[in-house]
Every structure is written in structure tokens, then in C-alpha cells.
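Worksheet: one structure, shown below.
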Amino acid sequence: MPTALPSARRELFSGLLFSAPAFILLSLIHIVPLLTLIALSFTDYELGALDVRWLGLDNFARAFSDPVFQRALRNTLLYVAIVIPGSVLLGLLIALLVHARKRTRSIYEVIYFLPVTSTLVAMATVWQFLLHPRLGPVNGFLKSLGFPEIAFLSEPSLVIPTLAVIGLWQMVGFNMILFLAGLSTIPRDLYDAAEVDGAGGAVDRFLRITWPMLGPTTMFVTVTTCITAFKVFDTVAVLTHGRGGSEVLLYAIYLEGFHYFKMGYAAALTLVFLAFILVFSILQARRMDRKVHYA
Amino acid sequence: MSMLKRTLIAAGALAAFAVPALAAEVKLEGFHANPAFARFHGPIAEAFMKKHPEIEVTYRATSPSYNEAHQQILRSAVTNELPDFYFSGYHLLPELVETLEKRDQIVDLGSFLTEEGEDFVTENYAPRMLALGQIEGKQWGLAFNASSPLMYYNADLVKQAGGDPENMPSDWESVMALAAKINTLGDDITGISYDVGTWPDDWLWQAALYQQGARLFDGEGDVAFGNEAGLKSLELFRTFVTDGGMQILDWNQSRQQFGAGKTGIFFTTPAHLTVITDMVGDKFALRTAPFPLDDKGEMSGVPTGGNAVVMLTKDEAKQKAAWEYIKFATGPEAQKIVVEMTGYLPTNLRTVETDYLGAFYDANPNYRTAIDQIDRSLPWVGYPGGQSVRVWNTQREIIAAVMRGEKTPEEGLEEMVQATSQMMN
């Protein structure tokens, strides 16, 4: 019919009009910067420079032979390997313990959540003091047990594990709150039914009801922890400044872009970093999605 | 006539009066690194505006460090939003001038100085201070903050170890001998701390070379420390750890330790003098002495850290006003404010006159030490090729490894020379 066309077109037009604000905002905030980043990563752009050279894939080739970047990559993977299982399991454990409290529950919630609300820059001085090899209480305690002085933040082999412990301290409280929310959605009658069926022990109840019912929460917590752990930056920036070979991915990018002013190379490293996060998140989401039981 | 029309006319008449009054006023915008520096930049701007009510000086929000401030300036250069004047770290000045000169966004201060006359210059600025702001023969900046490394010491520990706090040794061998004795005073006492391996920039490394009369690179732009002086520096660093009991700590932690009275001899900038004095309080007798020099000859000295003020505005009226401000900020009155608040050494010759700081220095001898080595000031240089920050980050890791004993000084030196030459070209 000849009249159908204009009305279909009008519909198309109004549809586009309605989606335009979201589309424009999305392109301005995410897509245009990402395209700029990709374009920059093929050049040798330096901040303030008047001429720019096209390098092709040179920046990426350089990244994988750059000892600092490789060290940053290794450090980040080690950090992630400690922080993800640590903060998810600890978060769950604390949530289970806190959930069982009746009157004191809110006090424990506040205590464990405090590190999340404190700013690390302000806490950096405290950590530096706590971990001071000579003046700090941590070493004071270790010394009383007969250990020698340990320079947690300067000894190259200990720096990343130390930062990971601080990372745990920062993240456990947040994960605990998420698990608590997950725990409170589990219907009580499931436990009652299990008891009738003879699954009365705490371990039994945990393995058969709590753990499977927490599936969606666990997946969410793991993915967000993974992304946060990969983005580790503030502890390195304020506590070690990358000294003693403690660079992580974001810190290496920050050094290149904001201290050495090699914007092109920093852009290439950022793309590598984005690829890492993307791949890890997809893998994890996929693997866990198959196992998660959505009630 | 409607109400609206009347209001508009009244507003127009007011504006006509207001405009000439506004035009007579020049507004200047400055920028500096390090939030702590606002403590003296604020009062200096206020004192200036009292003298020059026709000029208004404001500061942009600061950046945490020289490097980040440099980056912000480069960003503003691209978008043409540069401040009218800026305080650049000496080591970044060559890179700043190189980038901004090409873009015609920085002003040579030479002509302004010439206009003031030779007497003015010789009265106010020592040649060594002027040299800090010169790049390839042109006066791009004027020294504003300056500091050279000082030897801080715990006079109580020095005395206990049999040393004389009134006559501290002035060469490294004797300093080390004293440090080794202090180190034996107790399990929790460290003899000496020289945090070159964790320092944010290569200031203390340059100091170790300069005090032997050596340099970082030669006239042709080749590494010049791949010799006896470089080796001696690294060996000295290692003995700090082996004989002096030094631990490789973050520089903040090291300062905390000295402040707690657990370190005998400690090296840092006079800019920390006020902070450390407050930290020490009555815990022990804090003293300062000049940086030890093995070579007492002409070439020997100490690198000067700090920043120089540069003019970035293109507007002629603003340039005139900015020059007034620069003169004031590097003048005796403003320098007095800086010295009293920090311990930096004054960059203006007249500051030590009795009218300004004479009495202050007599009452606070610890502050005077920086002045006593002022004629030893050498420029704190950046590497050709504009990669100074990267060069230092690489060198620092090697130095720290040597200090920990993971590499011999010979191996470390070879690696440093190789890595540095690569990055200089």
C-alpha cells in the first residue's frame, strides 16, 4: 500500500530520534575516545609535539620486548592470582560468620566495611608506618617471635604479595556486603526442608543449599573482583611508586603517558590492558555461567 | 518606558562606568607543582597585590609533582590555555623549553633583565643562580626555589659514637668511619641513610658524582660516569649498607626513622628542614652540616634542586605585569617568606641582608648550612634526548640492586652506562 511507507518511515524516524540521546552520549563518552586511543596507538605521538609519525604495529611489538612492561604484566598476574581467590573466599567466610550473628551483626558489618570507605592516599602513611621495618608494629611483633627485620615495601620479592594483602584488606569488606545480600535472599524453608530430609550438619547445609544458591552472587563478585584487581594502581602509586620493580599494568601505562609523555606507546599499552580484561571477564563469565544455578 | 527597558539602560550605564575600571586591572594566572608549596605561593601573591593593586594574581589548582605539572602544562599548550607564568622543576626545564619554544609559547627573560640594568642583576642574582634558568645560553627562567643536599645528623648519637658534633667530617671516608661507629651503638640504630636507590629523581646520584668533580655526560652527549668516579659512587653506596647498617627504605620511611632518632646521619633536601625539625621536637639534638666533598676543587659541588619561574603569556600588558611578579617572587621579600617556611635556600642575594633574614639565620644555624654551600651550587641537569625520568627509573633499580648486594658495583656500573647511553639517543 502506498500509505504504509510514510508511516513506516515516520516510525523509523521517531525510533532514531528516541535512541539518539543515548547513542550520542555513548559515542561521545565511550566510542570516540576508544577510536582515538586506537588511532594514537599506531603513532609516536608525544604530548605537545607538533608532528606525529605513523608507526604501524611497532608500539605493540615493542611492548612485548619491553622489560618494564613484561615485569608489570607478571606482577599484575601474581597480584590477581592472590587477590581474586583471597578476597572472594575471605569475603564469603566473613559473610557467613557475620550472617550468623544476631545482635552484633551490624557492628561487624561496619568494621569490615570501613576499609572500603577509607581513602587509600590517606591510609598510605598508616601502612608505611605499620610496615616500617624498624618502627612498625608488624615488624615489632615478628621480631618478638624471633624473625629478622622485614622490609615489606622495599624487598623486591615481597612487594607484590604485600600490596596484594593490602588489596585484600581493601576489597574483602565490599565482597562481604555482596555475599550478605546474597545470603539474605535464600529462603529459610529450604533449610527446613533439608533438615527434614536429613541434611542437618552445617557443612551439609552449606554445600547443598547455601553454596549453590549463592551461585549468581559468587559469579558477580568474582567478575567485579577480577576487574578491580586488574586495575590495581593506587597502592603502587602511593606506597611504592613502582620502586623495586613493583610496576603493575596500569602503573606502567601511567609512567609512559604521564611521566615519559609517550602518548602513542601508552595508548598501545592501554589497548593491551583492555584486551586482557575483556578476555578474562568473558572466560570467567562463560565458565561460571554454565555452573551457576539461577533460582 | 517599561520596567525591563529601564533596567537595561541602567545596566548599560553601569557597565560603561565599570569597563574602564576593569581594563586598568591586569589579571595574571600562575601555576606551580606540589600542593605544599601553596603555603608560600599564597602569601607571596598577597604581599605582591598589596604593593600592586592594579595587578591581580591567582593560582590554578596545583599538581602533585613536577612531572605531573609538566604534563599539565604540555596539555594546556596544545589547547592554548597556558597560565601566564609557571614554576618548572629545573630538571624538566630543558624539555619544557624545547617543546614550547617551537610552538612560540614561552618568553625569553633576557631582554627583561637587560632592561632592568646590569646593577640590578648583579645586586640580586648570583651567576650560579642565573645559570639554573639558562638553556643553551638563553635566560628562559629565573631560579625561585633552590636546594642542595644537606647532611642532617643526630648530634646525640654522634657524640655517643665518639664524634664531634661541632666539627663534622667533610669527606666521605671519615663520614663512613663515623657512621660505622654509630651503627654499633645498638640493634635498632642505623649509622647512615642515603636514600639514592628510592629517591624520586636522580638528585642524590648527581650529588655523589659532583662531589668528586665528575659529571653525568660530556660535551658530546656521551655518558661520563663510566669511570673511576662512577665506580667509587656505587662502592660507597654499598658500604652504606654493609658498614653503615643502612636499610633500603622508601624515602618517607627513612625520614620517619631519622625523625624517631634511630638514624645517625641522614641526607635530604633543606626544603625538609622545617618538617624534620617539627618531627624531631625535643627527642634529640638535630644538626645540619654541608654535604661532604671528596674533591674540593673547582669542578666539585652539589646539584641544585628546585624550580624556576618561566613566563608563558603572549599578551604584552600581561608580560609587563608578569615580569613585575617574577621580579617580586625572586626578590628578597618573597624569598624571605619561602626560606622561613621551608628551609630552601634563597635565590636572591639580598635575602641574607640583615633587613630580611640576617637575624633569622643567626637564631637558626641549621638553616644557615644551606647558605654556606651556596657557592658550591651546580645545575641539576636533565639528559639530552628528553628521557630523564625514564633514565632515572632505570638507573635507580640498578643502584638499589647494587646496594642490596645482588650486583657488584662493577656489574651495576656497566649496566647503568649501557642503559643510559641507549636512552640518551
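Note that Cβ sites are derived from N, Cα and C of the backbone, with glycine treated the same way.
Noted in TrEMBL for the protein shown:
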- A:73-284: domain 'ABC transmembrane type-1' (DOMAIN)
- A:12-40: transmembrane segment (TRANSMEM)
- A:77-98: transmembrane segment (TRANSMEM)
- A:110-130: transmembrane segment (TRANSMEM)
- A:158-181: transmembrane segment (TRANSMEM)
- A:213-233: transmembrane segment (TRANSMEM)
- A:263-283: transmembrane segment (TRANSMEM)
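Taking every recorded stretch in A:12-40, A:77-98, A:110-130, A:158-181, A:263-283 and counting its Cβ pairs under 8 Å to the transmembrane segment (A:213-233), the highest total belongs to A:77-98.
Between the transmembrane segment (A:77-98) and the transmembrane segment (A:263-283) there are fewer than 3 Cβ pairs closer than 8 Å, counting only pairs 6 or more residues apart in sequence, which means the two stretches are not in contact.
Only residues 6 or more beyond the boundaries of the transmembrane segment (A:12-40), in the same chain, are considered here, and those with a CB under 8 A from a CB of the stretch are 263-264, 267, 270-271. With a threshold of 8 Å between CB atoms, the same-chain residues lying at least 6 positions outside the transmembrane segment (A:263-283) that come near it are 37-38, 40-47, 52, 55, 59-60, 62-63, 69, 223, 226-227, 230-231, 249-250, 252-254, 256-257.
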